[in-house]
Amino acid sequence: MLLLLVLLIGASGINAVVYKEVPIQANTDTLEYVHTVWRHGDRTPAELLFPDDITKWPEGLGELTEQGAAQQYRLGQWLKRRYGSWLGEKFNRNAIYIRSSDYNRTLMSAQANMAGLFPPKYPIAGGLMWQPIPVHTISKPTDKELYEEASCPTAEIEMNAQWKSTKANGIRKKFARELSFFSQKLNLPNMELKATWRIFDNLFCEKQNNITWPSWMNSSIFERVDQLYNEVSQLEFHTDTLRRLRGGTLLEEIFHRFSDKASGSLGKEAKFYAYSAHDSTIAALLATLGVFYDIYPKYATCLLIEMHKLANETRLIRVFHKNETDIDRLIEYSIPGCDDPCTLQKLGDDLKKYFPEDWEAECGLKTSFQFIYLVIISILVISTVCSCTMLFVEKQKRKILRFPVDGLRDDTAPMLGGDDSD
């Protein structure tokens, strides 16, 4: 079995990422629960370099292509090879749960993946060869686990600082010629590192879909763009703050679900939880685990985090990565700081520093909410006081000057009635 040691630049110097190639078939004798996170399949560009390029993409921007759906279907077949005998031939709603970010491309990727993992064996009513499988999602603004742009002012400030960091300046110097080249070709006088993803994204999408590049583009230039993109992408989760606020929420959810399974509160049947998400989701999760891989996650690749139960009830955590599209190669990481074998308890102890106690508060969101809440309460209090004052004044106006009527009433009788009429 091949053991590899890769030296990569991480958050604080050199990080040794240790991994080994492993067989595709899982060890189902001890396997108890699996979390998988995959990136959606091939898609159209999220943004365009040139407005006229929209005609190249009839599906629209940021949408799953037919090729992407096929990639996910094949990934589902690959997962079936690894877990099929353990999961069974038919989808079991008590054993399997699929969650997606709220994008067409990830929702459709999940459906295509499940079609590959659980192909229909028998026709349903009406003779349809179809096995419908539910895919769950939540709205983007509330999805702090899978939505890469969930509002978090603290993380945004931290990321802005990264663009000015020594590491970022080193990238600018290393790729000065490429940045100058694209600044000229795209008419961008102040070419920023953060714009490189859009350049890579468009060129890569065109390459994947056999669309002709502009005349000034060629394979050797693209190779440098690819290198530039991968180095810039490593800035995204370069600090503990970014890992805690961008990757920690998902890792914490995964850890607590493992703990619930181990304690029995998740139920005996629960086996498999899948997240249909993005390259940034996988990258954030890996970085939070302490793994700084030098190539950004590709289309229809997946991370597998397994929990194994030993005879003595000890739970072990193993992390696998299928990091190539449509290639069977699977690697297993050694988790930095968590001795091999890595127990669930040790993993939690090592990584709890990345579990936000109050994500909204740490992001600086609760201050705004509390301010709005106080304003609303203040308005209600002022309105109530004003209303009571007006009622009191009105009541006083109705206290009538007293005078005698037909000699039968004395000076204390009200003009329009007594207090019972109020």
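Cβ coordinates come from backbone N, Cα and C, glycine included.
The shown structure was predicted, so the numbers you read here are calculated from the model rather than taken from an experiment.
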Residue among Cys338, Cys342, Cys363 that, according to Swiss-Prot, closes a disulfide with Cys152: Cys363
Intrachain C-beta neighbours of Asn210 (N-linked glycosylation site), sequence separation six or more, cut-off 8 angstroms: none
State the three-class DSSP label for Cys302 (disulfide bond), counting H, G and I as helix, E and B as strand, and everything else as coil. strand
Using a 10 Å cut-off, grab the number of neighbouring Cβ atoms around the Cβ of Cys363 (disulfide bond), all chains included. 19
Can you give me the Cα-Cα distance between Cys338 (disulfide bond) and Cys205 (disulfide bond) in Å, rounded to a whole number? 38
Taking the Cβ of Asn104 (N-linked glycosylation site) as reference, which residues of that chain separated by at least 6 in sequence fall under 8 Å from it? Gly62, Glu63, Leu64
